[in-house]
Amino acid sequence: MEFSVKSGSPEKQRSACIVVGVFEPRRLSPIAEQLDKISDGYISALLRRGELEGKPGQTLLLHHVPNVLSERILLIGCGKERELDERQYKQVIQKTINTLNDTGSMEAVCFLTELHVKGRNNYWKVRQAVETAKETLYSFDQLKTNKSEPRRPLRKMVFNVPTRRELTSGERAIQHGLAIAAGIKAAKDLGNMPPNICNAAYLASQARQLADSYSKNVITRVIGEQQMRELGMNAYLAVGHGSQNESLMSVIEYKGNPSEDARPIVLVGKGLTFDSGGISIKPSEGMDEMKYDMCGAAAVYGVMRMVAELKLPINVIGVLAGCENMPGGRAYRPGDVLTTMSDQTVEVLNTDAEGRLVLCDVLTYVERFEPEAVIDVATLTGACVIALGHHITGLMSNHNPLAHELIGASEQAGDRAWRLPLGDEFQEQLESNFADMANIGGRPGGAITAGCFLSRFTRKYNWAHLDIAGTAWRSGKAKGATGRPVALLSQFLLNRAGFNGEE
């Protein structure tokens with residue numbers, strides 16, 4: 001689908017469809033008023049007859065409106081004018097895309113960027129419209145034999161901006177929106193792949209393909225089990241012992257800043273391509289969704305794709321920590337004591353608390369890059385789902401400025417995160433009689449104690465942890481990966497690169 005921006009009055013638009021908003025109760029938006037005036041009151045007359053109230057989600061498609069060059073006008077209900085927020089704006093865009101697709105419009109000029117969204121500028125509105133449009137049109141049908149295609153799919157969307165001065169920021173918004181949307185799609189595609197296809201080797205192949213596609217700035221190295229043993233990554237290796245699939249760690253290095261002094265931002269993604277729970281096996285109900293336990297790695301992959309596509313002037317390293325947690329004759333057991341790469345020892349009380357065992361060794365490994373900051377992304381705890389539900393990602397950090405940056409980026413991107421504490425009193429729950437620490441700390445504050453566990457391996461750099469257990473995928477009829485938190489991390493890196501969208 002092609003996107004562009006232009007600046008012009010609606011009466012001069014010659015298109016298959018013009019899209020404008022209507023507020024409650026039957027109030028035309030400024031552009032809709034212009035079209036009404038051109039058509040000698042044709043639109044307002046329809047509203048007076050009760051054809052459209054302007055409630056959110058309502059639509060009215062008009063054909064051959066008098067004196068209007070475009071074939072059709074799509075009126076979209078936007079609710080009460082002063083109450084239009086970011087979430088409702090995205091819902092309006094989503095409804096627009098679905099309606100245009102369902103009614104066979106192949107192109108449209110969209111004036112919805114004129115809508116007032118509190119605290120948001122035209123750059124934000126155009127970029128969010130692009131991201132939302134791509135999200136709305138997403139489908140995962142690679143493995144289906146019968147693929148459904150819209151009769152006349154929407155191919156071109158033009159966003160109108162108020163003045164020619166805003167064309168440049170509008171074009172940048174489209175560029176950024178397309179790159180972020182492509183990253184989200186890549187993350188969703190990886191997450192939705194079944195575990196018999198998407199194993200650690202598959203993740204590694206995708207990482208290599210990324211380097212091939214962006215060979216000027218991207219290098220990928222894949223570290224196998226033999227090299228992990230030499231490095232002392234015993235906790236990571238233990239998790240994969242029960243599986244016949246080799247554990248592989250894919251390291252994607254992007255260099256956009258040629259300065260020798262430029263330190264990288266490191267992103268670490270948990271990549272459990274299937275998590276049965278191991279010997280502490282999970283209940284069978286819903287176990288199919290444990291293919292989504294690699295969504296942290298999928299998100300990091302999507303972000304690295306975005307960074308490479310936009311050629312951001314920063315250095316970023318993405319680590320996909322791929323492995324599979326299965327029961328078997330070689331599987332690690334409750335009661336085992338593991339010596340991690342940091343030489344700290346861990347008593348395993350539950351083999352289903354495996355993500356932190358993988359991550360702790362990777363967090364030690366990335367010390368070699370002397371990072372400016374490290375952010376790990378993981379579907380880590382069911383406790384985070386209980387605490388924050390399926391709408392907000394959990395955030396923990398050992399560095400207040402980094403945490404504030406990430407919270408700010410989450411608000412900018414509409415991919416929200418909420419900070420949880422890392423108090424010393426929670427560390428006490430990880431005490432073990434037989435090792436330096438246990439891998440679980442009991443039910444109380446489970447998301448926080450998991451973060452506390454990881455914090456013991458991050459003392460040499462500024463670090464943040466994103467627990468996406470509640471936000472990485474949806475269950476039920478709409479089952480599928482969400483691609484979160486690609487948008488959050490993309491915004492964070494755009495801000496670090498100097499593109500904060502405040503034009």
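Using N, Cα and C of the backbone, Cβ positions are placed for all residues, glycine too.
In the three-state DSSP reading, LYS282 (active site) counts as coil. For LYS282 (among others), the entry in Swiss-Prot reads active site.
Taken from Swiss-Prot, the feature active site applies to ARG356 (among others). Residues near ARG356 (active site) in space but far in sequence (CB under 8 A, at least 6 apart, same chain), listed by position: LEU380, ASN439, ALA450, PHE453, LEU454.
Annotated Mn(2+) 2 binding site per Swiss-Prot: LYS270, ASP275, ASP293, GLU354, in sequence order. Shown in sequence order, ASP293, MET294, GLY296, ALA297, ALA321, GLY355, VAL358, LEU359, ASP376, VAL377, ALA378, THR379, LEU380 are the residues of the chain, 6+ apart in sequence, with a C-beta less than 8 angstroms from the C-beta of LYS270 (Mn(2+) 2 binding site).
Taking Cβ-Cβ distances under 8 Å and a sequence separation of 6 or more, the neighbours of ASP352 (Mn(2+) 1 binding site) in its chain are ASP275, GLY277, GLY278, SER280, ILE281, LYS282, ASN325. The DSSP secondary structure for ASP352 (Mn(2+) 1 binding site) is coil. Taken from Swiss-Prot, the feature Mn(2+) 1 binding site covers ASP275, ASP352, GLU354, and the record attributes it to sequence analysis.
According to DSSP, ASP293 (Mn(2+) 2 binding site) is assigned to a helical segment.
Report note: the Mn(2+) 2 site is defined by LYS270, ASP275, ASP293, GLU354, and the residues of the same chain whose CB lies within 8 Å of the CB centroid of those residues, excluding them, are VAL239, GLY271, LEU272, MET290, MET294, ASN325, GLY355, VAL358, ALA378, THR379. Taking the mean position of the Cβ atoms of ASP275, ASP352, GLU354 as the Mn(2+) 1 site, the remaining residues of that chain whose Cβ falls within 8 Å of it are VAL239, LEU272, SER276, GLY277, GLY278, SER280, LYS282, ASP293, ASN325, THR351, ALA353, GLY355. Using a 10 Å Cβ-Cβ cutoff, ASP293 (Mn(2+) 2 binding site) registers 27 neighbours.
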